[in-house]
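Working notes for the structure below.
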Amino acid sequence: MRPSGTARTTLLVLLTALCAAGGALEEKKVCQGTSNRLTQLGTFEDHFLSLQRMYNNCEVVLGNLEITYVQRNYDLSFLKTIQEVAGYVLIALNTVERIPLENLQIIRGNALYENTYALAILSNYGTNRTGLRELPMRNLQEILIGAVRFSNNPILCNMDTIQWRDIVQNVFMSNMSMDLQSHPSSCPKCDPSCPNGSCWGGGEENCQKLTKIICAQQCSHRCRGRSPSDCCHNQCAAGCTGPRESDCLVCQKFQDEATCKDTCPPLMLYNPTTYQMDVNPEGKYSFGATCVKKCPRNYVVTDHGSCVRACGPDYYEVEEDGIRKCKKCDGPCRKVCNGIGIGEFKDTLSINATNIKHFKYCTAISGDLHILPVAFKGDSFTRTPPLDPRELEILKTVKEITGFLLIQAWPDNWTDLHAFENLEIIRGRTKQHGQFSLAVVGLNITSLGLRSLKEISDGDVIISGNRNLCYANTINWKKLFGTPNQKTKIMNNRAEKDCKAVNHVCNPLCSSEGCWGPEPRDCVSCQNVSRGRECVEKCNILEGEPREFVENSECIQCHPECLPQAMNITCTGRGPDNCIQCAHYIDGPHCVKTCPAGIMGENNTLVWKYADANNVCHLCHANCTYGCAGPGLQGCEVWPSGPKIPSIATGIVGGLLFIVVVALGIGLFMRRRHIVRKRTLRRLLQERELVEPLTPSGEAPNQAHLRILKETEFKKIKVLGSGAFGTVYKGLWIPEGEKVKIPVAIKELREATSPKANKEILDEAYVMASVDNPHVCRLLGICLTSTVQLITQLMPYGCLLDYVREHKDNIGSQYLLNWCVQIAKGMNYLEDRRLVHRDLAARNVLVKTPQHVKITDFGLAKLLGAEEKEYHAEGGKVPIKWMALESILHRIYTHQSDVWSYGVTVWELMTFGSKPYDGIPASDISSILEKGERLPQPPICTIDVYMIMVKCWMIDADSRPKFRELILEFSKMARDPQRYLVIQGDERMHLPSPTDSNFYRALMDEEDMEDVVDADEYLIPQQGFFNSPSTSRTPLLSSLSATSNNSTVACINRNGSCRVKEDAFLQRYSSDPTGAVTEDNIDDAFLPVPEYVNQSVPKRPAGSVQNPVYHNQPLHPAPGRDLHYQNPHSNAVGNPEYLNTAQPTCLSSGFNSPALWIQKGSHQMSLDNPDYQQDFFPKETKPNGIFKGPTAENAEYLRVAPPSSEFIGA
């Protein structure tokens, strides 16, 4: 009988686990890993060889596993041995077809790529559909820290089937970035035996092994099956073969031979016999996630028992008993620095203001030190400023000088050379004039202050011309010299009798060997005893604090655990075992602060002790596993079952009572406030006087409509992106009571978002609800759930920046100039509405169709008041490289600062998505702008286009063009695009169909996106009439847009009647006046029904267009046809399809009143933009009340854009 697929999978898991457990006893081969990220090491061949040398036969990677720049024909079979990675795994920029990480079990994530990702698979593709296709990580079952990122892997198979929730910890799931492309035709399908269709590749062996999401509720982490008895030990990672800590496939923390442990066996154990910490013969060092008896070669041991490659700060490396260890430095760690005349100071005369910082933390000077008068005067020739005397304190760390010390200048108000108070030795290997190793000449000091100087190995000493210097003659210099022929020249200093007259003599506590100054710490040696570096008369043996004992004429402090005795000695020597009486407790011969509690002892047992009435520590009973308070078993019960449980119960009851009291107090407070408000409201309603406005602004009221949606009215389909504010979803809006689906983008704040973030998203909703323009993204609605959600129109082509980067080889001059016109129109509309955008960039322009773009992202936009001309920002993150200079320096934002950002946006388009000021830090932008530097002229731009950009970047904001002027300039250029933009092969370029866009495919590849209605179409009234003039927000037209282009105008809307939505705007969107239409577009594709004027459309055969509302118009001309751009001087009459030659065939009887059809020359429209009031409504009427058609010569009135819907009909 053949075993089932599930049985075979289980058997395979068991065999793998047994092999891993058996192999755990063997020492695994480790390798360091790399941290090169995306850096290429030499040629492709050199890079690959470096990779092969690093990971050949490697099983554990201590650092990061980075597989980059591997070409198609290279063999990566040496990666099969890798089982564990301590850092992150980066697989990027490869064209090799298969990367066999078949035995990789765990990624620990001790270091993360971009501080977020433990596994990053990025841009693994080449030309001609080559690249990474297979990544069989069939044994990867655990990522301890970090998330996963996939991006730009167009032919990588099966990754979309993996259940990452089983591998990644739940806390990191929100950081996942999964840009996966599915290729069912070319990729192998998962084996039918794979659980839930999850696999790493074709075949049963590549099925994903689930060890977390299938576990029973009783399991804390991993399991080997669905039963509660299949739970793994909590020390296990990536699964197990049994319930014990020795049955783990991989250890979560440390592996000690075949057992998983929380920590490695300690190096020291408590000995209850000697009352000391003894060396543990079973102790081990931690090396990565493994416990080892000794650290590998070239590693050093820390105090905590870890193997590291280098000691930390304040530690130095030393060898003891054949083991390299890290020892804590006594003071600053040794640091050798070059002296004057060596290395970087080769041509330097003296320590000065520019080089003094190089001596910071130096303990040894290799060479000489000179301090000359030029240091304090400065040097105008070399532009060296005077030295600040306080900076000489840097030299206090210097203990050794291998050459000589020359001091010919010193601060006048300093009385000694205390900057060198820690100098211990002057070796004199080089000498001034070949003679002197210490020279102090012409200073105003009273003492030398070299209190730590113990040796001058070679060279003479000269101390001369210091008119106030005393004490120098008291020093026994011969005792400091290293050779008998060394001499001193101490002359022309202050006379000895003058020094005695002013009491500049050695302290009485100094011995006859002399002193360096007047203080007791300046003595060369002490007359009596010393405490540290200072001479004292006597030690604190019987009185005083702290208590001391005498050793070699030095006062040594007693151990802190010794109890001070009244008029008696406190201790007899060093350590806690020489105390006369203990301050706290006594454990054997030692004084201790507390009795041992839970200290690791022999045989991995914890040692517990209690103190008796005499504060002597005694061992607890062997069965007392949590400590004791007395002898025997009865002492064990005091802590666990005595006061502990009642105290816990008391704490719980007390906490509950406190919560109840607080709740009652809050309730009473809210009740009281409600009553006060109610009374205040009643009193106000009874007032007869009305409050008169004191400062009317005269500004028109904002009558924008804000739609409040229920959460049941829309459905989230997939995540489009996430950030600090929250998450953006693709979804469908299904209005209540209507059978339509509208694709939308849903912007949702994170849980527990701050009140500031809530305010910011509501401010953004206010701005978006206040706008209504074809080239500005508008708000469809807002949902006020616990996390505020904004619902906007979905743009399936993504942002304009990504769009031009993806299609840069197919974008012609016409499209670029049209986009410039449309963005300028949108910004001009915002300026008319007194809105400052503050974040205009190509990334914040969305593509509705290739001919229609919209401005979005109003997160930084501000609405100016009636009297405001500019906005002053307070702080926050801002796009420096797109901002005007006044915005960077003074945080001033105006409509003219938006013009600057517009210029940068145009530059992004003309360079097909290049980064502005690439390689220049944002902190340097303001300085280079002030110096006159600007973005370079794009290669495709003529000087006409570039001069417009330059005008946008003028320092004087008033000198920049207005958006109205920019519309005129770019509209003129769009009528003759190849004159202003020079693109090779421009006449043959055309944008691909929507489905060729990667973003479009990823966005629309959902079965829920069928039979949808575009938001613009839903909001624009369908063919028919309003119920009454009172409900209409626009004047009634004789004809509206038809629902089909192959029928006469019909009065049919979605609900089968002639009524339209009351909240819809008539003539909401207009086609771009500069959009390009070819004869082929007109003859062979669907021509959209005019929305603004009554234009006729010739009937077409019934089968030519299945659903004209969703049909996409071709974007490229037919071969052999000349492309006709809109030109106001062309003869548009020659094409009768653009003229109003037909009358509506359906008129409701409710509109027979002539008054409803009488139009005046000045139309009062409720549209937001006065430009559209002027340009898109006829100003003349026929006697019969029907509007006249637009002037054929004016391209602004022609409907030449493709359909507004970007969705293809089913």
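Backbone N, Cα and C atoms are what each Cβ position is placed from, and that goes for glycine too.
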From N603, N1046, the annotation N-linked glycosylation site in Swiss-Prot is attached to N603
Of N568, N1094, the residue that Swiss-Prot annotates as N-linked glycosylation site is N568
Expected hit for region 'Important for dimerization, phosphorylation and activation' in Swiss-Prot across 690-706, 707-723, 979-995, 1149-1165 is 690-706
According to Swiss-Prot, the cysteine among C194, C215, C219 that forms a disulfide bond with C207 is C194
Of the candidates C187, C190, the one Swiss-Prot records in a disulfide with C157 is C187
Within the same chain, the residues at least 6 apart in sequence whose Cβ is under 8 angstroms from that of C326 (disulfide bond) are V300, V301, T302, D303, V308, C311, G312, Y315, Y316, E317, V318
Averaged over the topological domain 'Extracellular' (25-647), the pLDDT of the predicted model comes to 88
Simplified DSSP label at C194 (disulfide bond) comes out coil
For C579 (disulfide bond), the close recorded positions (Cα within 10 Å) drawn from C207, C510, C535, Y1018 turn out to be none
Nearest to K739 (ubiquitin cross-link) by C-alpha distance, among the disulfide-bonded residues C207, C526, C535, C571, is C207
CA pair C236 (disulfide bond) / K718 (ubiquitin cross-link), Å rounded to integer, equals 34
Expressed in Å to no decimal places, the gap between the Cα atoms of C558 (disulfide bond) and K759 (ubiquitin cross-link) is 63
Candidates C215, C571, C582, K718 (recorded positions); nearest Cα to C515 (disulfide bond) turns out to be C571
The rounded CA-CA distance in Å from K972 (ubiquitin cross-link) to C215 (disulfide bond) is 68
Quick note, C510 (disulfide bond) and C248 (disulfide bond): C-alpha atoms separated, nearest Å, by 70
